[in-house]
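Engineer: Handing you this structure, nothing more for now.
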Amino acid sequence: MAIYITNTETGKKEELKTIEPGVVKMYVCGPTVYNYIHIGNARPAVVFDAFRRFLEYRGYKVIMVQNFTDIDDKIINEANEWGVDFKDVADTFIAEYWKDAQSLGIRAANFHPRTTDYVNEIVDAVEKLISKGYAYTVENGDVYFSVKKFERYGKLSGKKIEDLISGARVEVNTLKKDPLDFALWKAVKPGEPSWDSPWGCGRPGWHIECSVMSQKLLGDTFDIHAGGEDLIFPHHEDEKSQSEALTGKPFARYWMHNGMIITRGDKMSKSIGNVFLVREAVKRYGKDAVKLFLLSKHYRTPIEFSDEIMMENKKAALKVLKTLNRFEEKYPYPKVPKRDEYMNDIEQKFVEALEDDFNTPKAIALIFDLSKELNKAMDEGKDDEALKRYHLITRVFGSILGLFEGGVKISEGENTNKVIEEILKVRQEFRKAKNFEAADKIRDALLNSNVKILDTPDGTKWEILEVEE
């Protein structure tokens, strides 16, 4: 069967036909590294990591590029606030990104280029755009792309130039020939890092970096460009326009965009101040709950984030993990089951769901069904049937989506009991010191980990809560 994806440029679901048979070349916009990543940042990373896994399962060789924007106004501002070099900020948060990515089981792309490693190539690209008449310099050393010179501007986002001119989003800049024009090169300002160029010292604009890095690593035209829908305009529109002006060729054949994370009615964003960091989410809800949350809705739809919703995902993830744990305790060295019509049929349904515009909600529903069947098979002593379902959940479906593949144990072993008892000793010390706020925080943290405590006249009692089936 063919794979179909929704192409943002056409607004239609299209069959994936790659430039080179059996190979998918894919670029995913990565983070600007000035802070820790939040759940909103994690959605494209998780979604397109899973999509890449699925493509590999279907036999494609995937060449994936995800960039790091390591020079930007936000990075410079952060460096000035800390009193350090901008490279220290970028290096710090690239390292922190990898910690968060690892905590979610996100695999590295084939290439992770950094903007500052491609400045010479960016300067060359800007020079070519100037020579072709698509860009111009201004008196302070800035270089701008002339939007009206590129007739197809607005094709990706569906925006018309006349509407943009009157729109509130257009920045007023008297140096530009037209208010819609965007920066390819920014002239140096006092205290900012800079690089030499024919127009004087400065640094790359945001959009040109992705054009240059993607085309250098994947070619002038590649298969898929992906990212969050908030990047469609202006970032991806500008990127597409300057790339096609530069080469005279189509840029990306397909554009995939994930929906936003919504919290308290707004897009999750550092600028709004409504973010929830990935590391906080993994600590509070667990890796599989976070990934379940990000994959249980179709990738193109927005997702509402709240503690209540996350706790529901945590409960759902724990149901599956508890079932898998039960199987692994009974069969510590599970073998590979013999393929039969049932396994082939279920796997085909799973694959068909993902072939249809990467319908992860439908695919995940099959995992939950298998988990229930696995429990039933163990209850009835049907070992072979249990093994088939365990194999599909962990080694096939879980491997494709990056779910339930970590072998998490949630049993009440001797070590678990000792840890809880030690935590309760610390809590008791806080209670003796009348630091009830700290004691309550420990109580709440234990409850979030499904450990219920009760203070009685005979001391503190505790129990591990059963996860409802």
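Every residue gets a Cβ built from N, Cα and C, even glycine.
Owing to the predicted nature of the structure, the values given are computational and were not obtained by experimental measurement.
As listed in Swiss-Prot for this protein:
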BINDING   Cys29, Cys210, His235, Glu239  Zn(2+) binding site
MOTIF     31-41  motif ''HIGH' region'
MOTIF     267-271  motif ''KMSKS' region'
BINDING   Lys270  ATP binding site
Engineer: What residues in the same chain, six or more past the boundaries of the motif ''KMSKS' region' (267-271), come closer than 8 Å to it by Cβ-Cβ distance?
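Structural biologist: Residues 35, 38-40, 230, 260-261, 305.
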Engineer: Rounded to the nearest angstrom, how far is the Cα of the residue listed as 'ATP binding site' from the Cα of Glu239 (Zn(2+) binding site)?
Structural biologist: 23
Engineer: Just jot down the residues in the same chain as Cys210 (Zn(2+) binding site), at least 6 apart in sequence, with C-beta under 8 A of its C-beta; none if empty.
Structural biologist: Tyr27, Cys29, Asn67, His235, Glu239
Engineer: Please give the sequence-distant neighbours of the motif ''HIGH' region' (31-41): residues at least 6 beyond its ends with Cβ less than 8 Å from one of its Cβ atoms.
Structural biologist: 68-70, 72, 74-75, 77-78, 89-90, 92-94, 96-97, 100, 228, 260-261, 267-270, 275-279, 281, 290, 293-294, 305
Engineer: Report the same-chain neighbours of Lys270 (ATP binding site): residues 6+ apart in sequence with Cβ closer than 8 Å to its Cβ, ordered by sequence.
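Structural biologist: In sequence order, the residues whose Cβ lies under 8 Å from that of Lys270 (ATP binding site) (at least 6 apart) are Asn35, His38.
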Engineer: Sort the residues of the motif ''KMSKS' region' (267-271) into helix, strand and coil with DSSP and give the three counts.
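Structural biologist: Counting residues by DSSP class gives 0 helix, 1 strand, 4 coil.
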Engineer: May I have the list of same-chain residues other than Cys29, Cys210, His235, Glu239 whose Cβ is within 8 Å of the Cβ centroid of the recorded Zn(2+) site, in sequence order?
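Structural biologist: Filtered neighbour residues, in order: Trp206, His207, Glu209, Ser211, His225, Gly227, Leu231, His236, Asp238.
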Engineer: Please compare the binding-site residues Cys29, His235, Glu239 by how many other CB atoms fall within 10 Å of each one's CB, and tell me which has the fewest.
Structural biologist: His235
Engineer: Quick one: mean pLDDT on the motif ''KMSKS' region' (267-271)?
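Structural biologist: Taking every residue of the motif ''KMSKS' region' (267-271) together, the mean pLDDT is 84.
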